[in-house]
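The domain 'Cation-transporting P-type ATPase N-terminal' annotation in TrEMBL covers 116-192. The annotation transmembrane segment is assigned in TrEMBL to 175-193, 205-223, 390-416, 870-891, 911-928, 948-967, 979-999.
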Amino acid sequence: MVMENLLSEKWEVQPKHSSTEALQRWRELCGVVKNPKRRFRFTANLSKRYEAAAMRKTNQEKLRIAVLVSKAAFQFIQGMQPSDYTVPKDVKAAGFQICGDELGSIIESHDVKKLKFHGGACGIANKLATNESSGLSTTDSEALNRRQEIYGINKFQESEPRSFWVFVWEALQDMTLMILGVCAFFSLIVGIATEGWPKGAHDGLGIVASILLVVFVTATSDYRQSLQFRDLDKEKKKISIQVTRNGYRHKMSIYELLPGDIVHLSIGDQVPADGLFLSGFSLLIDESSLTGESEPVMVNAENPFLLSGTKVQDGSCKMLITTVGMRTQWGKLMATLSEGGDDETPLQVKPLFAVVTFAVLVQKLIGRKWQDGSTFSWSGDDALELLEYFAIAVTIVVVAVPEGLPLAVTLSLAFAMKKMMNDKALVRHLAACETMGSATTICSDKTGTLTTNHMTVVKSCICMTVKEVTGNASLCSELPESVTKILLQSIFNNTGGEVVVNKNGKREMLGTPTETAILEFGLSLGGDFQAERQASKLVKVEPFNSTKKRMGVVLELPEGGLRAHTKGASEIVLAACDKVINSKGEVVPLDEASISHLNTTIDQFANEALRTLCLAYIELEKGFSVDDAIPESGYTCIGIVGIKDPVRPGVRESVALCRSAGVTVRMVTGDNINTAKAIARECGILTDDGIAIEGPVFREKSMEELLELIPKIQVMARSSPLDKHTLVKHLRTTFNEVVAVTGDGTNDAPALHEADIGLAMGIAGTEVAKESADVIILDDNFSTIVTVAKWGRSVYVNIQKFVQFQLTVNIVALIVNFTSACLTGSAPLTAVQLLWVNMIMDTLGALALATEPPNDELMKRAPVGRKGNFISNVMWRNILGQSLFQFLVIWFLQAYGKSFFRLHGYPDSDLVLNTIIFNTFVFCQLFNEVNSREMEKIDVLEGILDNYVFVSVLGSTAFFQIIIIEYLGTFANTTPLTIFQWFFSIFIGFLGMPIAVALKKHIPIEN
């Protein structure tokens, strides 16, 4: 965390949304890494970012010119001759009247003249052999294949998956391995020249074999990781859209779209391909992803061009797909852009020890030759010795620089991401896994996250009378006919949903759960959706907006005149009413008694945890124009409905689990405060000492009041997206909390962007919300968010375990070789042995410790938060304790080993002793790897057999150690050991386990 603070203050590298310039500065600063290709593989490709930015700028300029040209074209269009266009023969033969290139040029250039020449959007629909209302016909599969051949498919060109050998090549780019390779080459030449083949080649071949082993293990690990990321990338790109085909409307993947398809877009959708606006209302398109232009564009019949990859900011429409895949502007941009997360920060240790060790060893050699009087006569053996010293110094760099850390982080995150997919969470940004483990606050939506999102109208107050809604038509018979008529007109016209007949001839409702619940209510009153829609003409639509908390339409009535309907948050719509329909069906002024009765009804519904909506209408004067806004007041209240949305099973337990884990759960909702409080109590979010507040009240508070208030807020009702953003910002900056935020709507994007971790809903979430999020909760369930937090903590702890294990090896290997070089003039661990230790420590250690699955204990401790130290005091205790033990053992063996094992007089006593030291050192690491599974708990063996990766890594390391000692002596500078020597090595390694227990028991440390 100290490093993180330094990064953000000095180099402006943020955990999220760092500028490209800041990342570039940091990349240059830490440019000296052992293997940049591996080190920066999963980080942002900065050169590609610059390319994409340049392309966006070009797009922006193109579109600006296109708009100016189209304006000029409008003025001259009448006097112009139609341009010549000849339909290519293959297009004509396939049954179409326009080719893909012509369509592409119309959309890309916003060419109004060409569009007009082809008969506008309707003319192009005809030329594409499609129907504006029923869409494409899929009964003739040959016709669909011909369409695909002529116009292409809606898929973007992807980079070729890299083969295993590419990863082998990248692993070979490691600078230290290259230097060791050069050492091996010279060692071979000098060795063969002085000692002949094969004896002189042993040292060199030993280093070569070690390098190849390291390279292949590294490449295998990296290759498997890349396959995992590829699978996750496919999941990220799964987007569905509403399409009409064969006269039926249904959801399908955007990758199945073809030119001629009729697509329905609403707020938050991503435009799936280039196309033309057919019909719709108040359509605002955000083109910033394509052009970098932040100002939204109004799309209508005059400006009908819709570009792939842009987002619907407001309104809804029906569009005709004209250009797909790589022909679209988005396709061309995607070809430039390359995916890659933001930079993480490398932990770099400067290889100072290597230089000093080499200097000391060379000084010893020269000193010895000085005493012998042979300072200026150098033999092949001296050269070999010098090469061996250099190889040891370089290998110390290999062991000293914990290059394995970023790889362990990536490995752990990749493993967690794969497992979280099975737990219904799709991670979009790698670092979000780890950040989620540090979360101290979760700001959650209510609808669909804490509740099931299966809504039904269970109560209503129409004509001032409260009734239970049972699903039969009894309510309809009790209402005056005039009231039923206006109620059904309001339900079926003022809606973002639709009632359609599916292929099986059954009625199906499309739209949000709230809309479908109201439509269901309308049908239960005996209404007919299609008949009601055809009876009057829609003149204007204002879609639901989280800020206004209401939606409205203007209808042209069959008998003449205009009427506006509105629907939304009960207290807001009721405040806009000055009349009401009474029990006799008459429109009467809204007096104090009636207002009091309706407000009491709203509170009563809300206290029963029902969502309440108010429906109202107003007769408009003749002078109303389509460009005018729908009136804000003067409405007549038709009635109030109460919608039940049950709490999800398991939410209460999940909230309790969060509380025990030190994570505060806050509910932020646009709903009525009483509904919010009732649901929050049911979920266990609202406690006796907590506060529930409304957005408008929160907005008015001063900074001093907010400082006192925010820590106590557990429920925020009637909140606007800006309120949510303000709350998140204060929690992050003022209170230093690590904040996770859930969101589903387009308006949640700023809060998701501001939060440390943005969680978007996979089912209810719009594409805009998903784009802004770090994690997508595929089942929209709050319990899944808790699972994400558990995995996040697991990742954090696994990386801590790995660092604890790695630093112990680092410290001991460095001190042993360094002190030994200084004191005796030789290093007990050779280059080949150090490479093997490095592989145990880096790749194999990361594999074993970074893939530990989470356990329930993780959720019983406080979160790390923003200020926590990554290397905790507990870790330092374990690292220093184990390092001291291992160092004392190796020092004892170096000083008294020959006497202890009675090696005096042995021809190869030094070789045997060094083999015992190497073997003991490796077994110390193996048992320490088991110790590292738990940093505080004494029982480190619990659940060890459940982690097959850990067991297989441990088993294979021990197996290869036996092979190296017993059979690869000539390469690894070892000699076969006796049973007693093997027993001693393993026993000393095992002693690390009781020592770890003693450290945990007798040196307790508060974390």
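Every residue, even glycine, has its Cβ placed from backbone N, Cα and C.
Where the annotation comes from TrEMBL, it is an automatic prediction and has not been curated.
Here the transmembrane segment (870-891) has long-range neighbours at 1, 800, 803-804, 807-808, 811-812, 815-816, 828, 917, 920-921, 924, 928, 931-932, 935-936, 988, 991-992, 995-996, 999-1000, 1003, 1005-1007, meaning same-chain residues at least 6 beyond its ends whose C-beta is under 8 angstroms from one of its own. With DSSP states grouped into helix (H, G, I), strand (E, B) and coil, the domain 'Cation-transporting P-type ATPase N-terminal' (116-192) comes out at 48 helix, 3 strand, 26 coil. Counting Cβ pairs under 8 Å that are 6 or more residues apart, the transmembrane segment (911-928) and the transmembrane segment (948-967) reach 3 or more and are in contact. A Cβ distance under 8 Å defines the sequence-distant neighbours of the transmembrane segment (948-967), meaning residues of its chain 6+ beyond its ends; these are 836, 840, 844, 847-849, 851-852, 915, 918-919, 922-923, 926, 929-930, 933, 974-977. If you look at the transmembrane segment (979-999), the same-chain residues 6 or more away from its ends with a CB under 8 A from one of its CBs are 877-878, 881-882, 885-886, 889, 901, 912, 916, 919-920, 922-928, 930-931, 938, 940.
Across the domain 'Cation-transporting P-type ATPase N-terminal' (116-192), the model assigns an average pLDDT of 83.
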